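K.L.:
From TrEMBL, for reference:
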- A:7-189: domain 'Tr-type G' (DOMAIN)
- A:Asp19, A:His20, A:Gly21, A:Lys22, A:Ser23, A:Thr24, A:Asn136, A:Lys137, A:Ile138, A:Asp139: GTP binding site (BINDING)
Amino acid sequence: MPDTPLARIRNFSIIAHIDHGKSTLADRLIQATGTVTAREMKEQLLDNMELERERGITIKAQTVRLAYKAKDGETYILNLMDTPGHVDFAYEVSRSLAACEGSLLVVDASQGVEAQTLANVYQAIDANHEIVPVLNKIDLPAAEPERVKQQIEDVIGIDASDAVEISAKTGLNIEGVLEAIVTRLPPPTGDAAKTTTALLVDSWYDAYLGVVVLVRVRDGHLRKGQRIRMMSNGAVHTIEQVGVFTPKMIAAESLGPGEMGYVTAAIKTVADTNVGDTITDDRNPAAEALPGFKPSIPVVWCGLYPVDADDFEKLRESVGKLRLNDSSFHYEMETSAALGLGYRCGFLGLLHLEIVQERLSREFDLDLIATAPSVVYKLKRTNGEEFDLHNPADMPDPSVIAEIQEPWIKATIMVPDEYLGPVLTLCNERRGRQVELTYVGTRAMAVYRLPLNEVVFDFYDRLKSLSRGYASFDYQVDGYEAGDLVKISILVNAEPVDALSFMAHRSQADRRGRQICERLKELIPRQLFKIPIQAAIGGRVIARETISAMSKDVTAKCYGGDISRKRKLLDKQKEGKKRMRQFGKVEIPQSAFIAALKMDA
Amino acid sequence: MEPLALYIHWPFCLRKCPYCDFNSHVRERIDQATWRDALRRELAHEAGRVGRRPLASIFFGGGTPSLMEPATAAALIEDARHLFDPLPDLEITLEANPTSVEAGRLAEIRAAGVNRLSLGVQALDGEALRFLGREHSAAEAMAALETGRRIFPRLSFDLIYARPGQPEAAWRDELRRALALAADHLSLYQLTIEPGTRFATEYARGAFALPEPDEAARLYWATVEEAGRFGLAPYEVSNYAQPGAESRHNLAYWRYGDYLGIGPGAHQRLLLGGEMLAARRHRAPEEWLARIARQGHGTVEEEALVPTDRAREALLMGLRLAEGIDPARIAARSGLTLAEAVDPAMLLACIEEGYLEWTETGRLRATDEGRMRLDAMLPVLLR
């Protein structure tokens, strides 16, 4: 396949809030260009993972090459890059956007701009994208195209007067979108004569091909048999196959400048391929990597344990397999007195955590329990030593701590006016600091700086319920700040339960401590002895509950000579105790801890 | 020498009660002569293995042993008296239902040698009797108790309480009426749902609910209080007696003594040659009969229990008694010292909590508070 002239290539992505019709529009573009036959067409064609289809979100980046014969008579190659829309994958999004020159901004003509749209569109602007606004669902009676256009101009500050009005669902004006891509988005730049540089946009594991790497070629070519080098770590591989997505993988001779496609090179795990890395020619390497590479760093950590301790081996295998395909997922083994053997796992954010958990339970059929998510704290010891803390259980004695820093975020919340009050109260309760409060019609847009720690603990659920589901929320990590943070230990029968300890701001400590004690009181069944439950900061108890002893538990009728039966019952009870966790003279079923943690999630 | 308790099981009932999980069967025809011969054969067989021993008690249980021909009871009592050395105060108990038919046989049963009658009254309230699936009315129960008291030197009866929706005041009233009938012994059981019974199915379906543990505890204390007013003390979790009127036969189980069990599904414990032999007879009446005909006994399983199991059995039974256990006897019966049988830290914790106590005579007993929670205590206490 000869190189496509740069002037006839357009690389673009689609930015949209969830449910605003991104995947449907992608489906229509694929159909309209005849890329996929009607028989092969299925909904959300680009979202492969079962989870993606079900939740209507995109987790991995995907691309599809469309051939479109435009009104000017020329045939253009349109590479559609479908990106994950969520902030957890913000870095992946930024790499996907860096591979394109323009974006379609899809906005629901009845609902208007949402917080998530904003974050992504700003990223696209940062990536110097040309942006074409597209108003979707124009056929709905509630559609207000003029109002939404005005909103796009007011909030985002881009000209929306030429917005393409469509209905992805009915197929209305899809042609208009294709023409806008050709006429309004710029072609890529690049030089076929220069040495190879290509951006590693994403990668995934394929059972037959090994790791498949999604690339955007900047300069030079990628060819079958070429020895390539990863510039971040110097690893060298020989290309086995290059090709494009239609969206099926179709092998090609080479990929030239401006092109998007894939490379396979007998790479064993995706951990060997870093998103944002630059691929170059091994014999004639580029002097400088493409800008913007950074290794993925987990932001949120939690413990994952099998509900049934016998499943640990299965969990061990499963996290290994998952990691094959998700290099931003981190894990290390840990043991907990309350939950047994498990893994401390690191994630890009809360959605990533949820997705990994769901994939483990769904794809690997594991029944899992997660401890409360914790952010990464930066600790400074009195002796000047600094380290990262991602498990509250590892927190040293406060007397040797000079300072604790916690990550902050910049959150954007869009909410209908009538729910603004409770939302602001929530943000203030969570130690938020208002940065900006503006109105867009009847919708308020609040920008807050918040400690991430306050957000990982049920913030999103509270926000949703306060606003009856109308608030939309997005955030980006925004540096570290010192805070008055304490570790709260939960003691059952005077013994600390490692899996339940957590970090909190001193001002929240009493409330959170009381909350969890009350929960445990409800969850732990009464037993022979009364059980004190306490929350403590260091040696100081801040909350206390007592589970009273059971009032009566004795077999009424125990005569007749069949003592064996009673004994066997007793043997069984003793056997059951093996599933219990011993806290002094008290034994607590693991299920109670699991329930306590589930309520937290 | 450890005296012997003899249990004889009559496995038939007119109908199954919905709460009962005992080995009972309903048959249209029962050949009384065949059953008499078979029971006698098994008794002779087991007596031959044990040898001559003092005999402290005989207990006819079931099923409904009052449906057995009195002549059968008479023959078995006669045999036992010859096979063993009966103690002068040999206690012979028979369980009976208070239907008018069975009440008509009480004189014959007394004549057969039975000196203690245990009546399955269960309730003195018509609606409750229907719920419990009993064949008799409250009036019949009162009449049977009256007759029983006149004919037998010793009389006991059973009541089931903590029934669905039973208020404490109503139970106190019912219990007082029962206590006024001047029995020397009462078995007062809280209704328990046993697996495999009709009640288990209905309960699982949510057809009725049982009192919560706190309410059950209140009913229990009410029971102890009312029985105490009539001079009946709880000598076991659910058994109340005037001093000296305790069921000697049942005490043999609770004290982990030697007992023979004759008839379908009957259990046996015998300390022979240093081994605690646990035996069980086949549960199915016809199969048991066939085995008697074939081999002279219906034993399906006999094993020598290991010391840990013996200690568990001795303690789980012994701690039900108000008198508690004698550590020396536990050691003799189980082969383990008390210190080996229980977790010393938990023993201490239970004593500190006021669940267990040492008596002045060196016995270990569960306090009232401890006895009420015995099922929760045993698994943490025993090794």
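Just so you know, glycine gets a Cβ as well, placed from its N, Cα and C.
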K.L.:
Across the record's GTP-binding residues A:Asp19, A:His20, A:Gly21, A:Lys22, A:Ser23, A:Thr24, A:Asn136, A:Lys137, A:Ile138, A:Asp139, the largest CA-CA distance in angstrom?
P.N.:
18
K.L.:
Between 0 and 100, where does the mean pLDDT of the domain 'Tr-type G' (A:7-189) sit?
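P.N.:
Result for the domain 'Tr-type G' (A:7-189): average pLDDT 84.
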K.L.:
State the count of C-beta atoms found within 10 angstroms of the C-beta of A:Asn136 (GTP binding site), not counting that atom itself.
P.N.:
29
K.L.:
Give me the count of other Cβ atoms within 10 A of the Cβ belonging to A:Ser23 (GTP binding site).
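P.N.:
I count 24 other Cβ atoms within 10 Å of it.
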K.L.:
Which residues does A:Gly21 (GTP binding site) neighbour through Cβ under 8 Å, counting only same-chain ones at least six apart?
P.N.:
A:Val106, A:Asp108, A:Asn136, A:Lys137, A:Ala168, A:Lys169
K.L.:
Could you check what DSSP calls A:Gly21 (GTP binding site) once collapsed to helix, strand or coil?
P.N.:
coil
K.L.:
Would you count the other CB atoms within 10 A of the CB of A:Asp19 (GTP binding site), including those on all shown protein chains?
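P.N.:
A count of 14.
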